[in-house]
Amino acid sequence: MVSIKRYEIISFVIAAFFFLSGLSMWIAFWPIFNSELRSNYKLGANDDGSLHYAAFLYANPPMKNVMKFNLFNVTNPDEVKYLGAKPELIEVGGYAFLESEQKKYYEFSSDKTKMFYQNYKQYHYSEVDNDAGYNYNDKIMFPNSIAEGAVSTVFGPQSEFSPTAKILVSIGLVMLGEYPFISKTVKDVLMDGYEDPLLSVAHSGIFISLVNFYGYGSQLNYIPEMKTFAYLSGYNNSYDENYWINTGYNDFNKLGFVESWAGLEQLPASFWPTLEARQIKGPDSGSLSKIHLTKTDELPFFLSFMCRSFKRTYWQDGLVDGIKTMAFAVPYEEFDTTLEKNAGFRYKNQENVDYFPDWCDKNTTTSLSQCQKTANGTFLLPPGIFPLVCYPGHNAQPPFTVLVSPPHFLYSPPEVQHHLSGMNPDPEKHKPMVFHQEKTSGTALQVDVRFQVNLPVVNNKGSIMSSQMPNVIIPLFYEDSHALVKDFVMDTVWLGVIIVPRIIEYLKFVLIFISICILTTLLVIRVRVKGTVSVV
C-alpha cells in the first residue's frame with residue numbers, strides 16, 4: 001500500500017481550489033456582472049441630493065456633438081416663379097455648431113421610479129468644424145417660408161378669409177416686397193434671424209386691431225410668435241418641454257422610458273390622428289438602451305424634435321475607437337406613410353395637391369399594387385416623407401407647414417429625387433439615424449442623426465406671388481449631427497465592459513486547465529509509484 005504524501009495533499013488542495021475558482025467564475029460571473037451593471041445603470045440620487053454617477057452622466061451627456069447644417073441654394077428662382085420651372089439646387093455647407101445639453105431642475109418621485117427634468121440646449125457656431133470653403137457670412141437664395149406660410153393660410157382650402165380679404169392680402173404681399181425666394185446670409189437664416197416685412201406688419205398693433213375689427217381674430221393664431229425669422233430661432237439656451245422618465249428602479253427593462261412629456265402620457269390628437277401614432281415610446285432621443293443587444297432587437301425611442309416616436313433595428317457591425325459596436329438604425333419603413341401601419345403619420349394634404357405626378361402613375365408604374373397614391377380623398381406623399389406637426393421640441397404648432405425626410409430624399413422613390421435638380425442620395429452619407437452601441441452594456445458610443453426639412457410650395461391662382469409657381473416640395477436644409485462620447489467614457493467601457501469580462505473569460509479556462517494538469521500529474525506519479533512498489 002502506497003502512503004499519501006504531504007505534497008500530494010497540498011497539490012490536490014491547490015488543484016481543487018483552482019477548479020472550484022474556475023467553475024465559480026463560469027457559473028457566477030455573468031449573473032453577478034449583469035446585476036452590478038443594472039445596479040450601476042439605474043438613475044437615482046444620494047441622500048444629500050447629488051446624483052448617482054449614471055444619473056450625473058445622463059444629466060450632463062459626456063459627448064461632443066458637432067451639428068452641421070447643409071443648406072440648399074436655389075439657382076433659378078426667376079424661372080421657378082415665372083415659368084414654373086423645376087427648381088435647381090446646389091448644396092452648400094456644412095456650417096458647424098457645437099451642441100451641448102444639460103438636464104436641469106431634476107427631481108425624483110417618492111418611490112424612486114421616476115425622474116423629472118428640463119433638457120436645456122446650447123448651440124455655438126464652430127468655424128473650425130466647418131467644411132472647407134464655407135463661411136458663416138455666405139449668402140444663399142432660399143424659399144421664403146414666411147410668405148409661403150401666409151399664402152397657404154389665406155388662400156388654402158381651410159381659409160376663412162373672404163374673397164375681398166384675399167385680394168387685399170395678395171396685393172399687400174406684393175406691396176411689402178414679398179417674393180417666393182429671398183437671399184440672406186447663412187448666419188441670419190440659421191440662428192441670428194432677420195427682419196421680415198410681413199412678420200413686422202403681422203405683429204404691429206394696427207394690423208392686429210384691423211384683423212379683430214373685421215372678424216378674423218381667430219386667424220391670428222397662425223401668426224408665428226417670432227419677431228425675426230431664423231430656422232433655429234429661439235432654440236439657443238432653451239429647453240424642450242418637461243420630462244418624466246423611468247429610472248429603472250423597479251423594472252430595468254424600462255430604464256429611461258419617457259413616462260410623460262409636456263405633462264402628456266401620449267401626444268395630442270392635434271399632432272396625429274391615430275392612437276398608435278400618438279404613443280410616446282422608449283427613452284428620450286434613444287440616449288439609454290437595454291443591455292446585451294442582439295440582432296433581433298427593436299429599440300423604440302421618442303424624439304421630441306420630430307414630435308413622434310421611432311424604432312431602430314440592427315443594421316451592421318462596426319468599430320468606434322477600437323471598440324466593437326452594433327449599429328442600430330431607423331429603417332425605411334418608419335418613413336413610409338403609405339403603409340397602413342403608419343397611416344397616423346400621413347400628411348393631411350388639405351390642399352389636395354399631387355406633388356409628384358410621376359410617382360405611382362398607372363402609365364409608368366409596372367405594379368400599382370406596390371404603391372398607394374390616394375387616401376381619404378387626397379393625395380398621399382411618397383415613402384420617405386412625413387409632416388412636422390409641432391414646433392420642434394414643443395407642444396405648439398409649427399410656424400408654417402414643414403415636411404421631414406432623410407437628406408436628399410434617401411428613402412423616397414426616384415420620381416421624388418428627380419423632381420428637383422441637385423438631389424444625390426447616398427446611403428453612407430444620408431442614412432437618417434444611426435446609433436453605434438457597445439453590445440454588452442448597450443452604451444451608445446457614437447450617434448449620427450440626419451434629417452432634411454422641406455417646404456411644400458403650391459401653385460395658388462388667387463395669390464399674385466404664387467400664381468405661376470409649380471407644385472413642388474423644396475428642401476430648405478438638412479442637419480448632419482455627429483456625436484461621439486468623450487475619451488473617459490470610452491476608457492470606462494473598454495476596461496469595465498470589455499477587458500474585465502475578457503480576463504475572467506480567459507482566467508476561468510486557465511484555472512480549470514491548471515487544476516486538471518495538477519490532478520493528471522498527481523495521478524501519473526501515483527500510478528508510477530504504485531507500479532514500482534508492486535515490482536519490488
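The first residue you see is number 1, and the count goes up from there.
Cβ coordinates come from backbone N, Cα and C, glycine included.
Here Swiss-Prot flags Asn73 (among others) as N-linked glycosylation site, drawing on experimental evidence. Secondary structure from DSSP puts Asn73 (N-linked glycosylation site) in a beta strand.
Taking a C-beta cut-off of under 8 angstroms and a sequence separation of 6 or more, Asn236 (N-linked glycosylation site) has the following same-chain neighbours: Lys121, Gln122, Tyr123, Met191. Asn236 (N-linked glycosylation site) falls outside any helix or strand according to DSSP and counts as coil. Marked as N-linked glycosylation site by Swiss-Prot: Asn236 (among others).
Under the heading N-linked glycosylation site, Swiss-Prot lists Asn363 (among others).
Listed in sequence order, there are no same-chain residues at least 6 apart in sequence whose CB falls under 8 Å from the CB of Asn376 (N-linked glycosylation site). According to Swiss-Prot, the feature N-linked glycosylation site maps to Asn376 (among others).
Annotated topological domain 'Cytoplasmic' per Swiss-Prot: 1-8 (among others), in sequence order.
Among the features that Swiss-Prot reports, topological domain 'Extracellular' is placed at 30-502, with the record citing sequence analysis.
Sequence annotations record features per position, and here Swiss-Prot assigns topological domain 'Cytoplasmic' to 524-536 (among others) based on sequence analysis.
Annotation source Swiss-Prot lists transmembrane segment at 9-29 (among others).
For 503-523 (among others), the entry in Swiss-Prot reads transmembrane segment.
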Neighbourhood of Asn73 (N-linked glycosylation site), C-beta criterion under 8 angstroms, separation at least six:
Leu89, Ile90, Glu91, Val92, Ile140, Met141, Phe142
Over the span of the topological domain 'Cytoplasmic' (1-8), how high is the average pLDDT in this prediction?
68
